[in-house]
Amino acid sequence: MVGFSGDTIAAIATAIVPQQGSVGIVRLSGAAATEIARQIFQIAGQQPWESHRILYGYIRDPESGRLVDEALLLPMLAPRSYTREDVVELHCHGGLMPVQQTLQLCIRAGARLAEPGEFTLRAFLNGRLDLSQAESIADLISAQSPQAAQAALGSLQGKLGHPIRQLRDRCLDILAEVEARIDFEDDLPPLDLEAIAAQLTAAGADMQAILSTADRGELLRTGLKIAIVGRPNVGKSSLLNAWSRCDRAIVTDLPGTTRDLVESQLIVGGIPVQVLDTAGIRETSDQVEQIGVERSRRAAQSADLVLLTIDASAGWSAEDQTIWEAVSDRPILLVINKRDRLSEAERHAIALPQQEFKAIVWTAAAQQQGIEDLEAAILAAVGTGDLTSANWDWALNQRQVAALTTAQTALRRVEETLQAQLPLDFWTIDLREAIAALGSITGEEIAESMLDLIFSRFCIGK
């Protein structure tokens, strides 16, 4: 896909919900975008065709003259467009038929169906965006919380790319100084080793400052997966319902009511959280319940955090111990539910387990009590605290973290080379590695295969 030949591409740019969408957009980009649009769009009246001016009219099949839709057209001529090419958007009525037929007319008129992410790839290749900005567009589209959206917007505005380019320029300056001494050793004064050591230390510290945001950024981007586990009838489903503030799971006094995983999507302290209410774990002869129990075990093993829930009035039982042993390799937070059934004195007297937990939280889910304490304990357990009040300029992805780590490691080797007073040729190897790694974040140095992989993760039409 990389290295496009200048052809014109087309794709549906909006999500299509059959019979429900109000507006659907078909987007064209390329040298022939306006010519193709003129073939299929009939302007109503005497409206002038001008860039960035919306036109009203009709989409028609140019061969048969058949009316396809009443629509709006928005031309955005190069370079003042998303891709820095001529871009035309056709705003149709939503639903499948109008946009699909409009897209087919565009292709018949000479456009090619765009590949996933190809519009953004063209924006990158044409210098409209750097690679970190391009990746942030996918993050913005998939953001599950206001904080994740804020981080994506910060990166889109260049708040990640700018410091990365500054770091790369500093490394390039050091490399230029070193190579000048290699090529013109007799004509230049010796390197100021103390100054270079200070520059390397400062650059490494700046890289570490960016890397220190990686864990929180990953939580913003991908979220947490939390499994609520426990024996039957301890209030797991009530806990999910109270937490979700709606009836997501059926609640009865009968053990084994929940037989399958029940999922809820929540935001906790700015972090997207997928909560799974699992079937009560116990020995059972019921084949359907056995399947649910096995799914509960698998859900717990794949969770980032397990909420082991017990009944306050029953205390810690042998069954609870067995369940703990099954999930003990995961981070566990103990939830003591139904606290309202005990007096204050009884709560203090209850025998708590000796195992180490991330935290112990008392709740009364049926009365919606203890949920705030639970959320605070979760944020403490993952080590983030509440992220809603923080200003997020970016959220590093795994590729960016790996590149920064590579650059940081390479600079440390340069420092070691300096301290060991090795020949200057040794410096250049590691400096070039750091420069290449930093350049891969913003796209100055990136393999075509990596570009294809990055943009293949985008949706078609973006």
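Each residue, glycine too, has its Cβ placed from N, Cα and C.
Taken from Swiss-Prot, the feature (6S)-5-formyl-5,6,7,8-tetrahydrofolate binding site applies to R27, E89, R128, K462. Under the DSSP three-state reduction, R27 ((6S)-5-formyl-5,6,7,8-tetrahydrofolate binding site) is assigned to strand.
According to Swiss-Prot, the K(+) binding site annotation covers N233, T252, L254, T257. Under DSSP, N233 (K(+) binding site) is assigned to coil, being neither helix nor strand in the three-state scheme.
Residues or ranges marked as GTP binding site by Swiss-Prot on the basis of sequence analysis: 233-238, 252-258, 277-280.
Taken from Swiss-Prot, the feature Mg(2+) binding site applies to S237, T258. There are 24 other CB atoms within 10 A of the CB of S237 (Mg(2+) binding site), with all protein chains counted.
Averaged across the domain 'TrmE-type G' (223-383), pLDDT in this predicted model comes to 79. Taken from Swiss-Prot, the feature domain 'TrmE-type G' applies to 223-383.
Residue environment of R27 ((6S)-5-formyl-5,6,7,8-tetrahydrofolate binding site) contains 25 other Cβ atoms, counted within 10 Å of its Cβ in all protein chains. Under DSSP, K462 ((6S)-5-formyl-5,6,7,8-tetrahydrofolate binding site) is assigned to coil, being neither helix nor strand in the three-state scheme. Around the Cβ of K236 (GTP binding site), 30 further Cβ atoms fall within 10 Å across all displayed protein chains.
With a 10 A radius on its CB, N233 (K(+) binding site) counts 19 other CB atoms from all the protein chains. Checked against K236 (GTP binding site), the binding-site residues R27, E89, R128, K462 differ in C-alpha distance, with K462 being the nearest. For the pair formed by N233 (K(+) binding site) and R27 ((6S)-5-formyl-5,6,7,8-tetrahydrofolate binding site), distance between Cα atoms is given as 54 Å, rounded to the nearest Å.
Of the listed binding-site residues, namely R128, K462, the sparsest Cβ surroundings within 10 Å are found at R128.
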